[in-house]
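Colleague: Annotation source Swiss-Prot lists domain 'PX' at 12-124. Swiss-Prot lists 126, 129, 486 with the feature phosphoserine. Among the features that Swiss-Prot reports, domain 'Protein kinase' is placed at 162-419. As annotated by Swiss-Prot, ATP binding site applies to 168, 169, 170, 171, 172, 173, 174, 175, 176, 191. Annotation source Swiss-Prot lists motif 'Nuclear localization signal' at 195-205, citing similarity to another entry. Per Swiss-Prot, the feature active site, proton acceptor maps to 286; the stated evidence is sequence analysis. Feature annotation from Swiss-Prot assigns domain 'AGC-kinase C-terminal' to 420-496; the stated evidence is sequence analysis.
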């Protein structure tokens, strides 16, 4: 009966091992989690299992395959279950158990075993639609399990480091939560994304682009900062600045429009942030009031960098159709090559909305709105200054080559008469008092967030993965799609 995988099963025969175990705490209970490394063909991944899950699988299989004499280490009734020698011995016994499972095709092809090892998970199977360019440029001998963590020796991060207090936002792939770090009581916005949804929609490039852009935001006052990121086998976590003055969209809805000096102030801070992104060859591509936050003092903070395009210099173009319909530039709708000037179009659209209460070419019918953007002249109603009219006309120029910012990018925006009364140096140093104070009561005040979000129940699953599959920032990660996601801060920003 003792036989290894024969040639007929060579393609699907898994290789398994338990390289390590870790102690975890949940609701004041301690338990040991065993990390199972699974390899099938060129794919590798980790599965994190408790002893009880091994025991459940064992009891299921021994009834169906009594002749195979499977065994696992017995439960310990007396003594310390967390004694290092005991855990080492138990891990060896569990390792022997799973080694026996993969020696027999009838066992490793059994649904219970495949589920235990997550062999049918979509994220462990190659994607036949992967671009040929991506395949050809990938390194054939590179390991899939290395994470770029920055300086070595940085501490681990995991969901249980936080108390998740409130839902404060929601997107296509997950939620944004207000979280309090247990170590020091500091508040953060933690963006939690479901890997499964990201992978199913083939959006991992956008997620990694968002991470990369966030890492470059550290030194700009009007861009949200990433403190660190980490992952479990099911979720991705961005630990971000908690900015609690509310979305510009929230305040616009409440006030309908802003006085021109207030709109000018916000437009200047937004332009400064966009100019910085352009200087490091990043096009933002998704400027809209929902992505513009106010901090506790009333300064602008841009967030949500999922649609950013990296590596675009002032003379470069790209062609991807993306963004939000109300704010799309004509060249994007036409699917023509576009460049940095799409961001200046969006700035014009947001400035128009701040002054007049609606985007410039808004229509409930999206097709008609696209037609308006492409062909309808800009309607500038009374109530704003001549310089405001001028900058709106120049930013919302349908020909990108004639648009304000086409030649010298942010410098042209800075030099426009609309901003003549501003000192850009004082602006970046936050020496200009904001025209509106959100009047937040403290670092955890959520009054400026929509009750649609804050009244939601915080999902328990964000605190611990359902299969106890905690992946610290220092462990090897076997998911190709998110290699490099985990990020630990440089030494001056250590969080432990």
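Cβ from N, Cα, C; glycine included.
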Colleague: Any idea what DSSP makes of residue 286 (active site, proton acceptor), helix, strand or coil?
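Modeller: Once the DSSP labels are grouped into three classes, residue 286 (active site, proton acceptor) ends up as coil.
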Colleague: Between 0 and 100, where does the mean pLDDT of the domain 'PX' (12-124) sit?
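Modeller: Looking only at the domain 'PX' (12-124), pLDDT averages out to 80.
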Colleague: In whole Å, how far does the CA atom of residue 170 (ATP binding site) lie from that of residue 286 (active site, proton acceptor)?
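Modeller: Just about 16 Å between their Cα atoms.
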Colleague: At the Cα level, what's the spacing in Å between residue 168 (ATP binding site) and residue 286 (active site, proton acceptor), rounded?
Modeller: 20
Colleague: Within a 10 Å radius of its Cβ, which of these binding-site residues (168, 170, 174) has the fewest neighbouring Cβ atoms?
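Modeller: Relative to the other binding-site residues in 168, 170, 174, 170 has the fewest Cβ atoms within 10 Å.
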Colleague: What number of additional C-beta atoms lies within 10 angstroms of the C-beta atom of residue 286 (active site, proton acceptor)?
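Modeller: Other Cβ atoms found within 10 Å: 21.
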Colleague: What's the CA-CA gap between residue 176 (ATP binding site) and the residue listed as 'active site, proton acceptor' in angstrom, rounded?
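Modeller: It is 18 Å, counting Cα to Cα.
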Colleague: How big is the gap, in Å, between the Cα of residue 286 (active site, proton acceptor) and that of residue 174 (ATP binding site), rounded to a whole number?
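Modeller: Just about 18 Å between their Cα atoms.
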Colleague: Using DSSP and three states only, what is residue 170 (ATP binding site)?
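Modeller: Looking at the DSSP assignment, residue 170 (ATP binding site) belongs to a strand.
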Colleague: Quick one: give me the count of other CB atoms within 10 A of the CB of residue 176 (ATP binding site).
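Modeller: Result for residue 176 (ATP binding site): 23 neighbouring Cβ atoms inside 10 Å.
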